Amino acid sequence: MTELRHRGAKDSEPPVEQQPSEDKCSDSELKAEKDGVSDNESKVDSGVPEVPVPPDDTPEVLNKALSGLSSRWKNWWVRGILTLAMISFFFFIIYLGPMVLMMIVLCVQIKCFHEIIRIGYSVYHSYDLPWFRTLSWYFLLCVNYFFYGETVTDYFFTLVQREEPLRILSKYHRFISFALYLTGFCMFVLSLVKKHYRLQFYMFGWTHVTLLIVVTQSHLIIHNLFEGMIWFIVPISCVICNDIMAYMFGFFFGRTPLIKLSPKKTWEGFIGGFFATIVFGIMLSYVMAGYRYFVCPVEFNNDSNSFQVDCEPSELFQLQDYTLPGVLESVTGWTTVRLYPFQIHSIALSSFASIVGPFGGFFASGFKRAFKIKDFANTIPGHGGIMDRFDCQYLMATFVNVYIASFIRGPNPSKVIQQLLALRPDQQLYIFNSLKAHLTEKGLLPAVEPAA
């Protein structure tokens, strides 16, 4: 991916690089943005201080080993090595189970929030705005308390009802959440400083948009995980595959620029990444659909007080025969194919990851260009910050959650029973008699004749 140098550094690379994968700006583009390509742009950018550029944090070992290569190939090797390391870590946390995955999602959420808020603080810290960072982290705490409290109440209902303190917190959860947010709102109003009103409201909006993008999406990721680890792993893996394959196709074959916002992305990389991701999604889905550990919903076992992923797989994860259309039959010579239904759904997931998912990266690219920065942070050498790696994942998480709710999820009998058990005895009897009368009317239960 494209390497961005500090202001004033000479760029030895050609103006149009044959690689699409990273949302970085060239020196000439940054200079144009700083100097102003038009009067309107210069007026807009003139009041925005620049964010300090972090130093190169590539490990010294890699710098020495790759010292003889050009910057283009050096960046290629650094990104490749770190990508393999991150994929290995991803496999490791999958092995550790769903609870560890949830903790990792929470850690990634906090780090992404920190990177975005740090940009706001770096830009506006000279104005000495009171309580900006304190209130930002306080609102993060409030929103996480609300979302995770809803999740605990929904998925650990029996445990919550069993423990008195948890039952009280669950009963008044939304009121407590609102009271916490209201406290932060009042603190913000009290912190308003004359002559900085507009800027403070800018930062108030900055914090809330960040919460919407980061916290809400990470909450949806956890909900996807509870539907089955396959709904967590396949979408994330498709985004990773598309990112890698788009970079590879663009690096070696890229010729035609894709979008002005990210001039290093090419149509060759975009199209190559699309087909590679479709094939990858179908193959990965076939492998994972055969294991209960991946396809069963993540549920809490009240007897062992632990998570369990054991069930009888639904029809979605059972092999079925499908008749091929005449065109495909003439090409392949097959009349039927044996697939898991989930593999068909994986085509939709892979298509979204390849076609719409990159727009999350374009959005992040535009955000970084607005503040003339290369990356959100320098956490991962050659890759930037955590937010640089997860800008497409958050958009994907929303799509998966909506897709499950629209096409997959049905009524959950276990949750209905949990809610019934929480009712008063007279309410339970009323529901029992109503259900009995309904089933009798449908002919599913024999009619009971009155005693003589």
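One-based numbering along the chain as shown.
Cβ atoms are placed via backbone N, Cα and C, with glycine included.
Annotations in TrEMBL come from automatic prediction, not curation.
Of the given residue ranges 342-364, 388-410, TrEMBL assigns the label transmembrane segment to 342-364. Just going by CB pairs under 8 A, the stretch in 76-108, 228-249, 270-294, 342-364 that sits most against the transmembrane segment (200-222) is 76-108.
Residues 20, 228-230, 233-234, 237-238, 241-243, 245-250, 253, 258, 309-311, 313, 317, 339-340, 342-343, 345-347, 349-351, 353-355, 358 of the same chain sit 6 or more residues outside the transmembrane segment (270-294) yet have a Cβ under 8 Å from a Cβ within it.
By the count of Cβ pairs under 8 Å, the stretch nearest in packing to the transmembrane segment (76-108) among 129-148, 175-193, 228-249 is 228-249. Sequence-remote contacts of a segment are chain residues at least 6 beyond its ends whose Cβ falls under 8 Å from one of its Cβ atoms, and for the transmembrane segment (175-193) they are 129-131, 135, 138-139, 141-143, 145-146, 149, 169, 200, 204.
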